[in-house]
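Listed in Swiss-Prot for this protein:
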ACT_SITE  P2  active site, schiff-base intermediate with DNA
ACT_SITE  E3  active site, proton donor
ACT_SITE  K58  active site, proton donor
ACT_SITE  R283  active site, proton donor
BINDING   H104, R123, K166  DNA binding site
ZN_FING   257-293  zinc finger
Amino acid sequence: MPELPEVETVRLGLQPAMEGARFDTVALRRADLRFPFQPDFTDRLTGQTVTGLSRRAKYLLADLSSGDALLMHLGMSGSFRVIEPGGEATPGDFHHPRSEDRSHDHVVFSMSSGKTVVFNDPRRFGYMKLFRRAAIEDEPFLKGLGPEPLGNAFDASMLARACAGKKTSLKAALLDQRVVAGLGNIYVCEALFRAHLSPKRLAATLATKAGGPTERAEKLVEAIRTVLHEAIQAGGSSLRDHRQTSGELGYFQHSFAVYDRESEPCRTKGCGGVVKRFVQNGRSTFCCPKCQK
């Protein structure tokens, strides 16, 4: 599933095509994705102007001139592509062309900018929903999400408070969207490696007895921010389905230190350890047991 950097990469690609533009036509090529489209979805969206395009956790949010907001989730295999007025996909910054199967083009937005935005989703785990922007605090998909890891509210003190007293593992805590929003398996593994922390370590050890942040918490917050910034700059990680809106692949996967590197040498200078893979809560975890404690 796309994580924060992949969704942010998609947002940056959609922004020039959608922000400030009007939905001239909305074509739904099936009645549902993961969930059925709302009966008035097309009518509410057609003719509205996108006043802002943002991201919350792994969701894209398009604010509309009507006061509605369009929530979009990529699911497991969803992707957007932007087609220029001449019919060509927007050129990308990277090198790998997209393999298109247009039978999975389920939603087509024709924008007043002359560009066409297409949502393609082979597995159909993605979804879209309209809701009133003023009621965002009550929107079920967004309610209860933790702070953004790249936002000002996310710091070592906040993370220590969220983890204080927790008996769960550090990795499980970071994957809990109520603790911090948008992190997934890839970037949690990579951030824990950079902070030299074991994914098996108790989350509670990020807090002192008084509830303040430990040095571990400080290092982890810095590692999370750094990994996410680098991944966004690289266009995200393309392991299976992620594509940018240009149809190009991201390339942060070439910078992985531990994820998907089982039995390969640890990249910490002088460590000499080997990356191990094991299963935590049904997900593969990658780490170097020698330098992650």
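Placement of Cβ uses the backbone N, Cα and C atoms for every residue, glycine included.
Tertiary proximity for the zinc finger (257-293) is limited to same-chain residues at least six positions away from its ends with a CB under 8 Å from its CB atoms, namely 169, 171-172, 175, 185-186, 189-190, 192-194, 196-201, 239.
Computed over the zinc finger (257-293), the whole-number mean pLDDT of the model equals 96.
The residue listed as 'active site, schiff-base intermediate with DNA' and R123 (DNA binding site) are 13 Å apart (CA-CA, integer value). Note: R283 (active site, proton donor) has non-local neighbours L175, N185, i.e. same-chain residues 6+ apart with C-beta under 8 A of its own C-beta. Cα distances from P2 (active site, schiff-base intermediate with DNA) to the recorded positions K58, H104, K166 are smallest for K58. If you draw a 10 Å sphere around the CB of K166 (DNA binding site), it holds 18 other CB atoms from the protein chains shown. In sequence order, the recorded positions near K58 (active site, proton donor) (Cα within 10 Å of its Cα) are E3, drawn from E3, H104, K166. If you draw a 10 Å sphere around the CB of E3 (active site, proton donor), it holds 21 other CB atoms from the protein chains shown. Between the recorded positions K58, H104, R123, K58 has the most other Cβ atoms inside 10 Å of its own Cβ, all protein chains included. For the zinc finger (257-293), the DSSP counts in helix, strand and coil order read 0 helix, 12 strand, 25 coil.
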